[in-house]
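Listed in TrEMBL:
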type: ACT_SITE; residues: H256; note: active site, proton acceptor
type: DOMAIN; residues: 14-96; note: domain 'O-methyltransferase dimerisation'
type: DOMAIN; residues: 118-329; note: domain 'O-methyltransferase C-terminal'
Amino acid sequence: MGSPEDLDYPQIILQYSSGFLVSKVMFTACELGVFDLLLESGEPLSSDAIAACLGTSTTGMERLLDACVGMKLLAVELTPEGALYRNTEIANIYLTKSSPKSQYHIMMYYSNTVYVCWHYLADAVSEGRNQYERAFGISSEDPFGAMYRSEEEMLKFMAGQNSVWSICGRDVLAAFDLSPFRQVYDLGGGGGALARACVSLYPNSTVTIYDLPKVVQVAREQFVPPEEHRIAFHEGDFFNDSIPEAELYILSKILHDWDDGKCRELLVKVHKACKPGRSGGVLLVESLLNEDRSGPLETQLYSMNMLVQTEGKERTAAEYSKLLEAAGFGEIQVRRTGKIYDAVLGRK
């Protein structure tokens, strides 16, 4: 980290301690519709005008806008009539609902669900288990039963995951040349954003989204257009139901939800279903820890989130390779994308 003379340790501690304030400002501006309003207006607006349009107090809105300026999400221009605010390019691309790369839905999921669970982080660390019971008063024994506790909550989660794959999907799918695999199953494929990225990148492939019946129903109705004939659906629970034969199985952010025993159980089922030889394989899409567990910080924080929300954790490439080998997969390759999520490919 450098010598004490090189680092302002008090400043670092203050920055870390106020990190949650920064994220909550961004979440609040998204939730209130600040970025959408400024995009739709087509011109800079005053804090009074924004407050009036969104039905907020003028004093509160002015402070929120100024904080967004400090975060480089908004830009401000001082005129004789007063301060006028506009979106920066970052806000237009990632924080407005209408953008193809919008992260609005994952922001709302973090704000309204993840944030509540993290309030009980000390309890999660003490007990070593997720905190749905304290956060929402529901059983924590079935993480996805808790996560999908209502259709509205399930929809928010699916939309949030689609947001992530809208900016990360192509990177992980292009980490290896997957064109030889024509028949792909996306286990736990949810809203289908990764499946859509896959058929876009590999037009000769077909992808079947395998997920719970209620998830498949929502994906069909709200996320995957009916004219996309290269994407099909399979309803089921891949832990308890059979897995059909395919050439490639994609497990994107699946294994990090579960402990090693459940991961081995699932990978053994996938290996048995997988087409034999080099024509069959499995692609893991996960955020990889460094082998010495020193980072990346984002992955370490995701692992804490797995503690408060699931039964799993983030792992190193070596740990995922060991799980794949125990299930019978070989020729394991790892590709770090330089982004949040990485790829591990194993062949039967």
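Glycine is treated like the rest: Cβ placed from N, Cα and C.
Given the structure is predicted, the values throughout are model-derived calculations rather than measurements.
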Per-residue pLDDT averaged over the domain 'O-methyltransferase C-terminal' (118-329) comes to what?
95
Under the DSSP assignment, what numbers of helix, strand and coil residues are found in the domain 'O-methyltransferase dimerisation' (14-96)?
53 helix, 13 strand, 17 coil
